[in-house]
Amino acid sequence: MWNMGLLFLIYYCVSIYSAKGDTKDGQVLPLDVGALAEDAGDAEANGEDTPERNSESSVLDTTLAFEPQASTQSTPIHGAVPTWRPKRDNCTPPAIEQFPQPLMNKWARQHGGLILHILVAVFTFFGLAIVCDEYFVASLDRLCEELKLSPDVAGATFMAAGSSAPELATVVIGVFFAKDDIGISGVIGSAVFNIMFVISVCALCSGTVCQLNWWPLVRDCFFYCVSILVMLIIIFNDVISCFESVVMLLCYVGYCVALHFNTELERWALGLNLPFKLPSKEEQSALVTYKNVPEGSYTQESVGQTQGQKATDDSETRSAKPQSDYQDYSDPNPTWDPNAAWGDESQPNPVANPPPVDDWGMGHSGQENMGYHADQPESVVTGDGPPAAVKSGGQVVSTQATSAGGNDYYKSTDKQREPRRDPLLRPMEGGLPALVSWYVVYPIHFLCKKTMPDCRQEQYRNWYPFTFLMSMVWISFYSYFMVWMITVIGSTLAIPDTVMGLTFVAAGVSVPDALSSIAVIKEGFGDMAVSNAIGSNVFDILVCLGLPWFIQTAIIKPGSHVNVISKGLAYSTLSLFSTVVFLILSTHLNGWKLDKRLGIILMVWYLFFITLASLYELNVFGYMNPPECPSTY
């Protein structure tokens, strides 16, 4: 320990001497003070090529794992700021050393022990999905109701945090524990996973063709592009400051404000002369948000044949209007009964119409809206915003309007038509696969049930603050073990952390979003599934990255900055623009419908993007990611 302290003192003195020698050029380079010991790669990057520095570099390379206490002394060098993590040009500090030492050494892991780490990582994926879906989202649902937030703001803040909690926890662990790029790469990979893989699986799993509305898709993609641009500008110089993290958070505040005025923006957009097929009023209703038909019966000819065959005079009048007349479509229509549109007559309405026939000549009878229940009128929300949140298991929080005279704040939908089945009870149906899956997730359900009250149940509805806190603890627990196991796997297989983040971590943290979108697409909610997948990406980039960076640079170590080690992440972020353009272009060329053909196209593009991004991180196209430094773990 005494020898290491002496080496650091020698290194510090040489650094000051070298920096003073550079003043003859009229420029003083910043010196990183008070963080970790830096090696010869930093000296070369700063132009410090003195003989004394070169003689010390070979000795200092042996102290890469040395982590001294942060110095409180100031330095006379102008512009010096403490860094959170040293950047090295010769090698990347091993992230595995930031975690407890594994029980198995590297030789044991390479000869079969790695399978245990893989199983633990998969188990953490299940844990994150169950905790987020069953408890965390439910507590946020009740929290939004108690705060009486507007539906759009609730959906863009708390409910978005529900499905994106694993991404946020992963970035926090990557910044404060692993101290590497696994959090950033996980967010980038999760963004591609949501916008390509999840939507592709939704299209492949759906047995119907869902006609998509262009406005929610274009709106979400626009803000998604803005968030990508902000992220690209911020990480392009490989450092993140406090000001830049604040900019990211303010951008998300602007996104919430835009969602609050979604009605005005939508009216303005629909008043434009755009070459898109506008949906009917039923399609824009809070309850009828999609059009779906059996996949084999969708043809362009059938569209033309059924345009003039409307079930009511009102729909005939709408079909004859020009596009510019649709700008007032969202005004309340008291003569249209949403219950009648679904074939539900359990609620009386003085002006009830028969179930309308859609553009494909098919009625809506027998189809269930997941955000509305006839026996629970209080669960319906008003507001003209996009879907606030989607929860797997047949539960959706809709944030669109039913009438102008209703409540304009968020309402919980935690009451269900059918009682929930106790997950601790052994399944009687499904055979061996259901029994095996029950045994696998039984420990997760058991621990959650014993430590957190289910605030969806009537007797625990007021316990949502405790459920919220405990679910955050469990999410942090599973996320920590997930990042730990992924780091061990990558270190054992000599795979960079950024590649593991783009692939395995991205898939693991996106499980809640994937389950939500797949659940609603099976019910025919194409717009809702796509909006859930794209909208969560805005939260992932602006909040899941901006908030941990702000805490680190403004609260924990004011004046410091966070370093981005891999240069390939900037190229991966730039490539995210291609995913947005490809999604909109392919959807438009496919007639704004979600079918199996679009699903296959998106799946191929996802595999291509992940392969290209991984090759960047593996230095196939140039020196982007320094190799990992030797480690004794």
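Yeah, the Cβs are placed from backbone N, Cα and C, and that goes for glycine too.
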Same membrane side per Swiss-Prot: Thr263 vs Pro627: yes
Closest-packing stretch to the transmembrane segment (112-132), where packing means Cβ pairs under 8 Å, from 428-448, 536-556, 598-618: 428-448
Top partner of the transmembrane segment (536-556) among 158-178, 221-241, 242-262, 469-489 - counted as Cβ pairs under 8 Å: 242-262
Selected stretch (most C-beta pairs under 8 A with the transmembrane segment (501-521)) from 158-178, 221-241, 242-262, 428-448, 469-489: 158-178
For the transmembrane segment (469-489), sequence-distant contacts whose Cβ falls under 8 Å of one of its Cβ atoms, 6 or more beyond its ends: 95-96, 99-100, 102, 109, 114, 117-118, 120-121, 124-125, 127-128, 131-132, 135-136, 139, 165-166, 169-170, 172-174, 177-178, 182, 447-448, 451-452, 495, 497, 500-501, 504-505, 508-509
